[in-house]
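Student: Shown below is the structure under consideration.
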Amino acid sequence: MVFSTTAALSLLLALSSMQLSEVSEACTCMPNHPQEAFCNSDIVIRAKVVGKKLLKDGPFGTMRYTIKQMKMYRGFSKMQQVQYIYTEAAESLCGVRLQVNKFQYLITGRVFDGEVYTGVCNFIVPWDRLTLSQRKGLNHRYQYGCNCKIKPCYYLPCFVTAKNECFWTDMLSDQGYMGHQAKHYVCIRQKEGYCSWYRGAAPPDKTRINATDP
């Protein structure tokens, strides 16, 4: 009986340890180019956080941020105005921490049951850290490229498997995934039907796009 109790306690501790490990390591995000973050989001807004409230405590709690929306870039079909942003309270579950009354943020998220949810795997960054190219991308360029696919390249050589793909090679540089392509380029379909990187001062038109490989 003593052996059984000891074994049961050991098993319980082991399972508890595994569960805690799973929770602490649950938040793993694949890098996203800002264009894909834009295209894969239901909502993309520029906003300032003006308040926060913990709705549910504990490891599976929810944090609600009250925001002042400055501009919406994507999501008009879902809602016209966003007042609250929801995220997991625990950082281990990909909850994001936003500063109140400090920054304007670019916030991307998904809509569930009429509410906007976001987390560290979404593209969230203080507005003043965005490059001019990224800001232009939000206004029109990223939308033009939503029918293209940005394919991360971690090791050379990389191979295109479809004509709608652009290689994302920032991970091969010292800057990592927020390198030159993420900061300055958008992947756009050309009139010939294939996608390639674009960078320019003027918005790309739909009939002729000057593509530039970074």
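The backbone N, Cα and C atoms fix where each Cβ goes, glycine too.
The following feature annotations were taken from Swiss-Prot:
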SIGNAL    1-26  signal peptide
DISULFID  Cys27-Cys94  disulfide bond
BINDING   Cys27  Zn(2+) binding site
DISULFID  Cys29-Cys121  disulfide bond
DISULFID  Cys39-Cys146  disulfide bond
SITE      Asn40  site 'Involved in metalloproteinase-binding'
DISULFID  Cys148-Cys195  disulfide bond
DISULFID  Cys153-Cys158  disulfide bond
DISULFID  Cys166-Cys187  disulfide bond
CARBOHYD  Asn210  N-linked glycosylation site
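Structural setting of the listed features?
Tutor: In the three-state DSSP assignment, the secondary structure recorded for Cys27 (disulfide bond) is coil. Sequence-distant contacts of Cys27 (disulfide bond), defined as residues of its own chain at least six apart whose C-beta falls under 8 angstroms from its C-beta, comprise Glu91, Ser92, Leu93, Cys94, Gly119, Val120, Cys121.
Here the Cβ of Cys121 (disulfide bond) has 16 other Cβ atoms within 10 Å, regardless of which shown protein chain they belong to.
For Cys146 (disulfide bond), the Cβ neighbour count at a 10 Å cut-off comes to 16, with all displayed protein chains included.
The Cβ of Asn40 (site 'Involved in metalloproteinase-binding') lies under 8 Å from the Cβ of Asn32, each of these being in the same chain and 6 or more residues away along the sequence.
Of all Cβ atoms in the protein chains displayed, 24 besides its own lie within 10 Å of the Cβ of Cys195 (disulfide bond). Look at Cys195 (disulfide bond): DSSP puts it in a strand.
Using a 10 Å radius centred on the Cβ of Cys153 (disulfide bond) and all shown protein chains, the other Cβ atoms total 15.
DSSP gives Cys187 (disulfide bond) a strand state.
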Student: Which ones, of the disulfide-bonded residues Cys29, Cys158, Cys166, Cys187, have a Cα no more than 10 Å from the Cα of Cys148 (disulfide bond)?
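Tutor: Near Cys148 (disulfide bond) by Cα: Cys166, Cys187.
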Student: Among Cys29, Cys39, Cys148, Cys158, Cys187, all listed as disulfide-bonded residues, which has the most CB atoms within 10 Å of its CB?
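Tutor: When each Cβ's neighbours within 10 Å are tallied, Cys187 tops the list.
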Student: Here are the disulfide-bonded residues: Cys94, Cys166. Which has the lowest count of other Cβ atoms within 10 Å?
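Tutor: Result for the disulfide-bonded residues Cys94, Cys166: minimum number of other Cβ atoms within 10 Å at Cys94.
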Student: How far is it from Cys195 (disulfide bond) to Cys39 (disulfide bond), counting Cα to Cα, in Å?
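Tutor: Cα-Cα, rounded: 15 Å.
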